[in-house]
Amino acid sequence: MKIHEYQGKQLFRTAGVPVLDGHMVTTPDEAAAAYDKLGGKIAVVKAQIHAGGRGKGNVIDNPDQKGVVLVKSAEEAKAAAEGLLGKKLVTIQTGPEGQTVSKVFVEAGCDIARELYLGIVVDRAGSKPVLMVSTEGGVEIETVAEETPELIFKEHFDPAVGLDGFQVRKLCKKLGIEGAAAKSAYKFMTAMCRFFVDFDCEMAEINPLVITGDGEMVALDAKIIFDENAMFRHKDLEELRDLSEEEESELRAKKAGLSYVKLDGNIACLVNGAGLAMSTMDIIKYHGGEPANFLDVGGGANAAQVTEAFRILLSDPNCKGVLVNIFGGIARCTTIAGALITASKEVGFNVPLVVRLEGTEVEEGRKMLAESDVDIINAMDLTDAAKKIVAATA
């Protein structure tokens, strides 16, 4: 689950991670008032969307309007908010369609001596969280990892213990931090690692992390993703969910008990099993197609779920065809075939439909489909299915 920057900073503050004062607003007049509340000096107006790269992003109809604006008066704060609110902001992470800005964060400015990067993720290979820091703050970390990976420094830590002092000292030495700033870095990094564990995060990223002129380490950003599977332990965090920032199709799928992620391609996939679903997307790509989604109906899929799955897939305007790839195990092929027939009657298929069935009761399932009036293209294996759906949507 993602949250906005201003929400992340509220949580940071409660966890002892230093942040600057700021106010979330939804109108230009509120932005001007927020600027005055912050003391009437330098402030920053930031678009609040669930995507990074806002500082280099721009509004679709106004390329000069960036997603992060430095302001020096209430009038400038109001103008910046007017240029963002209700507009679509395009960043490196939103895609060309952009995301609508419905709120902005007006934050106090500060004396910046250095800009750094800090991020924490789970290293699945190492089975531990890993703290990553870099001297290249304010730059997309993906770019740093590709062009200058030697400037990213890592320290794994035990979630039951946290980050040790010697690890902080190692990182400070590599970052060139000493004196008062090193003491601030110890408090900051250890607090961030505790925050990551206590809140069941999948990722916590600050870019930029700054050292002020008086040696204090402060978070100028907050990008946080929580583990959805741990939300039962954090009922209060559910209140931070902004449904307007999430794909409607993904919300529908979640409600129906389906695992669905929307992608940018035009070949929709309906598969049972996460591993098989990923393999299906890979082989579509291998044969020249572009998958439109990840969709795992699970082992216990019923007719209602399959019907809703087709409604979701066919509601995508980019969908030019559907590949159904089922390996019958817990979910028998006859069950899926029956669900397909029911779905065709309720939804109607107006795009090519390629079906590959294998596993338990496969012959009976194929017979059911053959005797029905569902217009399908049969495939005998996954390669055959991928080739046929790519050809049908070309």
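Backbone N, Cα and C define each Cβ position, glycine as well.
Swiss-Prot lists 9-252 with the feature domain 'ATP-grasp', giving sequence analysis as the kind of evidence. Taken from Swiss-Prot, the feature ATP binding site covers LYS46, GLY53, ARG54, GLY55, GLU107, CYS110, GLU115. If you look up Swiss-Prot, you'll see ASN207, ASP221 marked as Mg(2+) binding site, on the strength of sequence analysis. Feature annotation from Swiss-Prot assigns substrate binding site to ASN272, GLY329, ILE330, ALA331; the stated evidence is sequence analysis.
Fewest Cβ neighbours within 10 Å among the binding-site residues LYS46, ARG54: this applies to ARG54.
On the 0 to 100 pLDDT scale, the domain 'ATP-grasp' (9-252) averages 93 in the predicted structure. Counting other Cβ atoms within 10 Å of each Cβ, the binding-site residues GLU107, GLU115, ASP221 show the lowest value at GLU115. In the three-state DSSP classification, GLY53 (ATP binding site) falls within coil. Look at the binding-site residues ILE330, ALA331 and count other Cβ atoms within 10 Å of each Cβ; ILE330 has the fewest. The Cβ neighbour count for ASN272 (substrate binding site), using a 10 Å radius over every protein chain in view, is 24.
Using Cα positions, the member of the binding-site residues GLY53, GLU107, ASP221 nearest to ASN272 (substrate binding site) is identified as GLY53. The ATP-binding residues named in the record, LYS46, GLY53, ARG54, GLY55, GLU107, CYS110, GLU115, extend over a maximum Cα to Cα distance of 21 Å. Checking the binding-site residues (ASP221, GLY329, ILE330, ALA331) against GLY53 (ATP binding site) with a 10 Å Cα-Cα cut-off leaves nothing. Taking the centre of the Cβ atoms of ASN272, GLY329, ILE330, ALA331 as the substrate site, the nearby residues of that chain (Cβ within 8 Å, site residues left out) are GLY273, GLY298, GLY299, GLY300, ALA301, ILE326, PHE327, GLY328, ARG332, GLY359, THR360. Cβ-based neighbour count (10 Å, all protein chains) for GLY53 (ATP binding site) stands at 16.
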